[in-house]
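In TrEMBL this protein carries:
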- 255-283: domain '4Fe-4S ferredoxin-type' (DOMAIN)
- 37-54: transmembrane segment (TRANSMEM)
- 81-107: transmembrane segment (TRANSMEM)
- 155-175: transmembrane segment (TRANSMEM)
- 190-209: transmembrane segment (TRANSMEM)
- 332-352: transmembrane segment (TRANSMEM)
Amino acid sequence: MVEEEFRNKISTVDEKGKRVWIFPKKPSGKFYSKRKITSYLLLALLFAIPFFKIDGEPFLMFNIVEGKFSLFGQVFWPQDLYIFALITIIMVLFIILFTVIFGRLFCGWICPQTIFMEMVFRRIEYWIEGDWTAQKKLAKSEWNAEKIKKRALKYSIFFIISFIIANTFLSYIIGYEEVWDIATSAPSEHIVGFIAILIFTFIFFMVFLKLREQVCTTICPYGRLQGVLLDSKSLNVIYDYKRGENRAKFSKKIDRKEAGLGDCIDCNQCVNVCPTGIDIRNGIQLECVNCTACIDACDFMMEKTNQPKGLIRYDSEDGVSKNERFKFTTRVKAYTFVLIALVGLLTTMLVLRSDFEVTILRTRGTVFEHNTDGEIYNIYDLSILNKTNRDLPVKLKLMNHAGRIQMIGDEILLKSRDDIQSKFIIYIPEDEIKSLKTTVEIGIYEGDNLVETTSTKFIAPKI
Ligand code: SF4
Ligand code: SF4
């Protein structure tokens, strides 16, 4: 029963429900080196992206305050909500497909939480407090000059990095120029922005100082979804129990095969390096973020004991139990098909997406009128949203009908990424009108360039 205890509670909680603090051993090895390179490239991208612009628009920005979003330099407004909804569905489906095939590869290699925790904050901790045994010792020790010095240094560096992360995070929301403005002005000039930076800094500071692996094991919904998404064919960091059991300590005097022993020498190194405090030999568990630290630790021990590497490796449950290689299952094929279809639909929508949003409605409470020139006229309300980065002086023209348009008030100057409301009148000669309701097409021109067409109804008296 003791061996099965891991099934009753997560690894970071003791029998009394108290948090068990994890002191993972500093990892090293082939996978760790590759993860370091991947992580630092991704971090460089994360910090650089807010400064990228295409045609003056941010490469990526999610301005929830103004309801303006920029993806790859393309600006989206609340009117483009359907495109965003489709992008969200595609992302969810992509995550499902990715997880069905690659398990939690995202958690270990791409997730910002893991990258910051393991490759930034944890490494700083190793540098200041030493490896896991030294950290344990320091945690237990009385508050003396050395402990105060080390902790003060750690907290200060953690806080500075959290401040940088908070500013970067905010840059993705309101743009780096605005963040710079907040950071360089007196707090009273941008009180909301200043408080937002402080709150985000504090949240990131506490996440990386205290919360740590709890984000992955108890808060992140993606981690909780694994049980539903993974199947026996999904790739995972997995212990080859067929090869490893029966586990027993290593001894040069014993021939393990003859003694009926497996390759696991029960050295516990895979457990010592685990940042979520689990024993991967108990099977795939929700705490495992696929960080691969245990693969490196075990490979090292296998080398030391002249046994083949890969006792812990990336493989599927079927790979271990039936020696089956990865195959495209019907489930994966179905997800892939739907995903390709949705990406096709999104591409079409983006290509057909108009740069302008035009709404023309006949002014409420008005009907047709006659004038002395033998024309009938209707009055309309006009609303145009300019999604482009250009300021455009525009004119309206009738496209399919004799007649003319007259603006009420000034000519229209559409400011970039702005909308404008106006009124205009359509005049049509009486003898050109053939029915009570005529559909008229209206062209919106920038100079001689037709930038958008739309249509509306023109009403007239009984003929
Ligand atoms: S079990 Fe291995 S891969 Fe999973 S979190 Fe622990 S060390 Fe990382
Ligand atoms: S590191 Fe490898 S050999 Fe050592 S206990 Fe873990 S699985 Fe067994």
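Using N, Cα and C of the backbone, Cβ positions are placed for all residues, glycine too.
TrEMBL: automatically predicted annotations, no manual curation.
Nonlocal intrachain contacts for the transmembrane segment (190-209), taken as residues 6+ away from its ends with a CB within less than 8 angstroms of a stretch CB, comprise 113, 116-117, 121, 155, 158-159, 161-163, 165-167, 169-170, 174, 178-179, 181-183, 215. Among 81-107, 155-175, 332-352, 155-175 has the largest number of CB pairs under 8 A with the transmembrane segment (37-54). The average pLDDT computed over the domain '4Fe-4S ferredoxin-type' (255-283) stands at 94. Same-chain residues lying 6 or more positions outside the domain '4Fe-4S ferredoxin-type' (255-283) and placing a CB less than 8 Å from one of its CB atoms are 6, 11-12, 20, 22, 24-27, 117-118, 122, 132, 212-213, 216-217, 237-239, 241, 243-249, 289, 291, 293-294, 296-298, 300-302, 305, 307-308, 311-312.
Summarised by DSSP class, the composition of the domain '4Fe-4S ferredoxin-type' (255-283) is 7 helix, 0 strand, 22 coil.
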